[in-house]
Amino acid sequence: MTASTNTLTITRPDDWHLHVRDGEAMRSVVPHTAAQFARAIIMPNLKPPVTTAEQALEYKQRILSAVPEGMAFEPLMTLYLTDNLPPEEIVRAKAAGVVACKLYPAGATTNSDHGVTDLRKIYPTLEAMQREGLLLLVHGEVTSSDIDLFDREAAFIDQHLIPLRRDFPELKIVFEHITTREAAQYVTEADRFVGATITPQHLLFNRNAIFTGGIRPHYYCLPVLKRETHRLALVEAATSGLPKFFLGTDSAPHAAHLKEHATGCAGCYSAHAAIEMYAEAFDNAGALDKLEAFASFNGPDFYSLPRNTGKITLVRESWTPPDSFAFGEAQLKPLRSGEALPWKLV
């Protein structure tokens, strides 16, 4: 890393948690990620979900076809865990270059209805993943109606993550988009088989952002933004230098009219300015010197993949993201639209 007061050059980063959808909508958003990141872990929660190696490879080709000419970008593919995903598919996935499987508790978030209803049902598949070296990516929230929305992550640790670690001690697990002090502490104290991603919105904002001046649906994501004490714990984890924590935007594009709705869907779109927002968060914490490891080194090291060799440069220059982007035939409202951002990718 090279840095001055107003310029920051780091190894080209990767995004270890990304949604790009499919079809024409996908073609609208892939260029934003490809402009910033060399690789990205692609979430499999399409309709229908990506549950076979063959489907993953077909999806990968569709994503690659949306990468603008002259840009180098590698989608890293995942499978969607269901109650019925057979262990044999894990072997085929490994051979096809799939790197991970995603665990969505049924009903936890967007397009998760096919998710796992009982972890015991997938133990043979998890055993195959541990044996083959595929990572387990978890949306760490319980879905029981008797658990408060803001407590679902902490409950997931006690009810599911601790038993998973006990029963599969050498299965690498990524606790995705952590949002709480409890999650940060759990990952910090866990062994080398546990890592975590953190989004830009959870580093920059607390739950007040959803309600300032009225309901602000474009700040609504799952897991939802939490109290300021939790945000500060996430900043401390991200800037700690610990290799367990790494960049994962969870950038989740939705048509604006489906966000600005009586039952608006969850997800923040950050791919247009992701690395700039991470730089802002690290700068606010006085920890720009820790950004490169978080954004560019910790993720590939955890996945046992080579680090990138290219560089990107950010400058301290105010700019304002547009109010909207095309999203297929609809419009997409990005996170921080119309707001001045202090760092800019050049």
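Here the Cβ of each residue, glycine as well, is placed from N, Cα and C on the backbone.
Annotated features in Swiss-Prot:
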type	residues	note
ACT_SITE	Asp250	active site
BINDING	His17, His19, Lys102, Asp250	Zn(2+) 1 binding site
BINDING	His19, Val20, Arg21, Asn45, His139, Leu222, His254, Ala266	substrate binding site
BINDING	Lys102, His139, His177	Zn(2+) 2 binding site
MOD_RES	Lys102	N6-carboxylysine
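His177 (Zn(2+) 2 binding site) and Asp250 (active site) have their C-alpha atoms 7 Å apart, to the nearest angstrom. Here the binding residues for substrate are His19, Val20, Arg21, Asn45, His139, Leu222, His254, Ala266. Their largest Cα to Cα distance works out to 19 Å. When the recorded positions His17, Lys102, Asp250 are screened for a C-alpha within 10 angstroms of the C-alpha of His139 (substrate binding site), the residues that qualify, in sequence order, are Lys102. In sequence order, Val29, Leu46, Pro253 are the residues of the chain that are 6 or more apart from Arg21 (substrate binding site) and have a CB within less than 8 Å of its CB. Taking the Cα atom of each, His17 (Zn(2+) 1 binding site) and Asp250 (active site) are about 5 angstrom apart.
Look at the Cβ of each of the binding-site residues Val20, Leu222, Ala266 and count the other Cβ atoms within 10 Å; the largest number goes with Val20.
Cα to Cα, Asn45 (substrate binding site) and Lys102 (Zn(2+) 1 binding site) are separated by 9 Å.
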